[in-house]
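Engineer: Just passing along the structure, written as C-alpha cells.
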Amino acid sequence: MHPTTLTLSSSLILVIAILIYPLLTTLNPKPKDQKWAVSHVKTAVSTAFLVSLLPLMIFLDQGAETIVTNWHWMNTAPFDINVSFKFDHYSIIFTPIALYVTWSILEFASWYMHSDPLMDRFFKYLLLFLVAMILLVTANNMFQLFIGWEGVGIMSFLLIGWWYGRADANTAALQAVLYNRVGDIGLIMAMAWLAMNLNSWEIQQIFFLSKNFDMTLPLLGLILAATGKSAQFGLHPWLPSAMEGPTPVSALLHSSTMVVAGIFLLIRLHPLMENNSLALTTCLCLGAITTLFTAACALTQNDIKKIVAFSTSSQLGLMMVTIGLNQPQLAFLHICTHAFFKAMLFLCSGSIIHSLNDEQDIRKMGGLQNLMPLTSTCLTIGSLALTGAPFLAGFFSKDAIIEALNTSHLNAWALALTLIATSFTAVYSFRVVYFVTMGSPRFLPLSPINENNPSVINPIKRLAWGSIVAGLIITANFLPSKTPVMSMPLTLKLAALLVTIIGLLIAMELTALTNKQFKVMPKIIVHHFSNMLGFFPAVIHRLIPKLNLFLGQSIATQLVDQTWFEAAGPKGMSSLQVKMAKTVSDSQQGMIKTYLMIFLLSTTIAILLAMS
Amino acid sequence: MAALRKGLLTRALSRGIKPGICTNIIGARAASGAPQGMLPGPYPKTPEERAAAAKKYNMTLEDYRPHPDDGCGYGDYPMLPDKSQHERDPWYQWDHPDLRRNWGEPIHWDFDMYIRNRVDTSPSPVDWRTMCKHLFGFFGFMMLMFGLGEMYPSYQPVAPKQYPYNDLYLERGGDPDKEPEPPKHYEI
C-alpha cells in the first residue's frame, strides 16, 4: 500500500479508535474518577481532532483520497456487505470540523451540565453520537451508512429526552423519533431498490451500475430520508421541539452534525441525481419552501433557542436548494461553515440562558452587551456570519449559492422564495441581537451573570475564530468541481447582499416603530400564522394522531368484535334471513283459493299445450 | 392473642379483596381478578343500577353519564368529556403530577390518547377552521406557484459568442485583399 494511502487510512481509523476508547472504559465496573468526563472524553475528542488534521493536510497537499475495505462482514449468495470506509474530499474535511465543534461543545458542556448528577452519562451519549456520525460520513456502503444513520437518530432521542421527568421533553423526543422514522422509510426503500436492482450497496458500484436504470424511485426515497433527517417542510416540526434537550445537545446534534446527515446523504449520492430532473426539481422546490416557511416562523418566536432552531431549519432548506442546483460541493461548503457559527450561536444562547437563571425568553433579556461583552460580541459575529456578511464564514458559502441560484435556468418561484428567506434571515438575526444585547435589561437584577469561567469562554472564542476564517480557508484551498458562473450583471452579483441589507433596514425600521410597546399581542393574521409555526404542528399533531389512535382503538375494541361476532355471525346472518323472509312473506298473501285457481289454470294450459 | 385479633381485624378491613399476605398489609392489589362488583357491567337501565354504577366508578350520580346504548359495547362505563390532560391546570397539586390526575379519578375510555405525550385538545388561539384554511391554503398556493415557476423558469439571456475584427475574418483564413462584410453584433 502506498505510504500516503496508508497514512491517510490509518490516521482516520485511529481517530475512530480514539473516540471508541472512552466508551469501552465505561464497561469497567470500577467507578469512574470525578473528572472522567473532562479528562477522558474531552481529551479523546481533542486528540482525535489533532490526529484528523494529518489526513486533512495530506489531502490538501496531494489531493489523495482513499477507500478502505477492511472486513468482509457477511454475504447472501452474490450480495456482499463489507466494512468499508470512504475517506474522500467530503469526509476528510467534515471529520476535523465535526471534531473541532464537538471539542468546543464538550468543554462548554462541562460547565453547563456540571450540576447534573449524570454528567458522565451525558458525555458518553455525546461521544456515542459522535462515533455514529463519523461512521455515517465515512461509510462507503449503504449498510454502514444506515448504521450511522440510525445511531444518530437513537442518540438524538436519548439526548432530547435527557430530562425525562419532563413530559414535554418526552413528547419532543418521541416526535424526533417518529418524524425521523418516516424519513427512514425512504432510506430503506432506496436501499431495498438498490439491493434488488443493482445487487450492491457499495457506493462505487452503485454509481457504475446506475447508468442504465431509471433512478427516480430510489432518489425519491433518498429525498424523503433527507426530508426526515434534515427537517425539511412536511417533516420539520421535530427540530424546534428538540430544543427541549440541553443546549449542548442542540448545539451539537441539531445544528452542526446530525441534521446535516440528510443533506450529506444526498451529497454523497449526488452522481445518481445529476441527470434526474425530477429529483433535482423536487430538492429545489422542497428546499425553497422549507427555507421560507421556517424563516417566516422564526420571525415571531420569543424563545431564543427556538429562533436559532428555525434558523438551522432555514439553512438546511438552503442546502437542499443547493443540491437542487446540482452543486453538491457548495452545499457541503455551507454545511462546514454553518457548523461553526450555528454551534457558536447555541453556545452563546446557553451561556446567556444560564447566566439569566434559565431564562429563555428574549423579551426578558436585554442590555447584555455591557454585562456579557464577549458572549454578546460572539452572538453578533455568529449572526453576521449567518446572514452572510461579507468575508465572514457564511459569506463564502451563502453568496456562492445565491449567485448560482441567480444564474441558473430554474423555477423562478424557488428563486424568489430563497431570496425572501435570505432577507428574513437578516430580520430575525437582527431581532435576536437587538432583544438580547441592546437596550436596557429586562430581567431581575440578581442574576448569576458570569463570563469568567474559561470552560465557557474558550469554546466560544474558538468557534468565533472558526466563524470568521473557516469560509476563507476552505474556499482558498479547495477547487470547485463544477465551474461557477463568473459573469453576471452587478445586480445579480450583489443580490444576496442587497436583500440582506433590505431585510436589516426593515427590521431596524420596525424596531424603531415598535420601540414603545403598545399592544401585548398583536391581533394580526400573519402574526398568528408565523407565531403558531404556520399552524402546522397545531393541525397535524392534533389531526393525525387522533385519527390513528381513534381508529386503532375502535378496531381493537369494537370493530373486530362487531364484525366477527355480530356482522359476520349471528346478527348479520339474521338480518339477511329477515330480509329474505320479508321478501318471500310479502309475496305470500294467504289467498289460497286464488293460488289454487292459478295453479289449476296453469297446469291445464301446460297439459293442453303439451298435447297439441 | 393481640396478633390474632390484629389479623382478624385486617382481614375484616380487606373484605372483598382477593386474599393474600400483601393485601392484608397494604390493601393494594392487582387489576386482575377483580371482584364482580368492580368490573364494568351492562348498560344501567334502572335508577338503582345507575346509582350503583356511579358509586363503582367513584362519581357522583349527577356527574355520571353512561355511553348511549347503541350496541358498541361500552356498557355502563361513564362517558367523560373528550378533554386531554393538556387542558388540566399545570400548577394544581395533583396526586400524580406528571399525569395531571388525582387518585381514584374515573379514567377516560381513550385515556391513552389524551395523555400529555399525545393529542392536545386545549383551545388554540386561532380556531380550527381558520388554521386549516391558512395552512392548506398556504401549501396550495405554494404548489400553484411552483407549478407556474416550472412553466416560466428564470434564466439569464444568452447569445452565441461574438468575436471582434469582423468575426476574426483574417484569422479564419479570409482573403486580406477583399473587404469583409461587417457582421451584425448585438448588445444584451
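Cβ coordinates come from backbone N, Cα and C, glycine included.
Got these off TrEMBL a minute ago, pasting:
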TRANSMEM  A:6-24  transmembrane segment
DOMAIN    A:73-123  domain 'NADH-Ubiquinone oxidoreductase (complex I) chain 5 N-terminal'
TRANSMEM  A:122-139  transmembrane segment
DOMAIN    A:139-422  domain 'NADH:quinone oxidoreductase/Mrp antiporter transmembrane'
TRANSMEM  A:145-165  transmembrane segment
TRANSMEM  A:177-196  transmembrane segment
TRANSMEM  A:216-239  transmembrane segment
TRANSMEM  A:251-271  transmembrane segment
TRANSMEM  A:331-353  transmembrane segment
TRANSMEM  A:374-393  transmembrane segment
TRANSMEM  A:413-436  transmembrane segment
DOMAIN    A:428-609  domain 'NADH dehydrogenase subunit 5 C-terminal'
TRANSMEM  A:463-480  transmembrane segment
TRANSMEM  A:492-513  transmembrane segment
TRANSMEM  A:592-611  transmembrane segment
Engineer: Count the residues of the domain 'NADH-Ubiquinone oxidoreductase (complex I) chain 5 N-terminal' (A:73-123) that DSSP assigns to helix (H, G, I), to strand (E, B) and to coil, and report the three numbers in that order.
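Structural biologist: Across the domain 'NADH-Ubiquinone oxidoreductase (complex I) chain 5 N-terminal' (A:73-123), DSSP assigns the residues as follows: 29 helix, 13 strand, 9 coil.
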Engineer: I need to check the long-range neighbours of the transmembrane segment (A:177-196): which residues 6 or more away from its ends have a CB within less than 8 Å of a CB in the stretch?
Structural biologist: 79, 142-143, 146, 149-150, 153, 156-157, 206, 217-229, 231, 235-238, 262, 265
Engineer: Checking distant contacts: for the transmembrane segment (A:216-239), what same-chain residues at least six beyond its ends satisfy Cβ-Cβ under 8 A?
Structural biologist: 149, 153, 172, 175-176, 178-190, 193-194, 254, 258-263, 265-266, 269, 272-273, 276, 278-279, 282-283, 286-287, 289-290, 293-294, 309-310, 312-313, 316-317, 319-320, 533, 536-537, 540-541
Engineer: Taking every residue in the domain 'NADH-Ubiquinone oxidoreductase (complex I) chain 5 N-terminal' (A:73-123), what is their average pLDDT?
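Structural biologist: For the domain 'NADH-Ubiquinone oxidoreductase (complex I) chain 5 N-terminal' (A:73-123), the model's average pLDDT rounds to 91.
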Engineer: When you scan the chain for residues with a C-beta under 8 Å from the transmembrane segment (A:6-24), skipping those not six or more beyond its ends, what do you find?
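Structural biologist: Apart from its flanks, the transmembrane segment (A:6-24) reaches 40-41, 44-45, 47-48, 51-52, 54-55, 58-59, 64-66, 68, 70, 85, 87, 91-92, 95, 99, 124, 127-128, 130-131, 134-135, 138.
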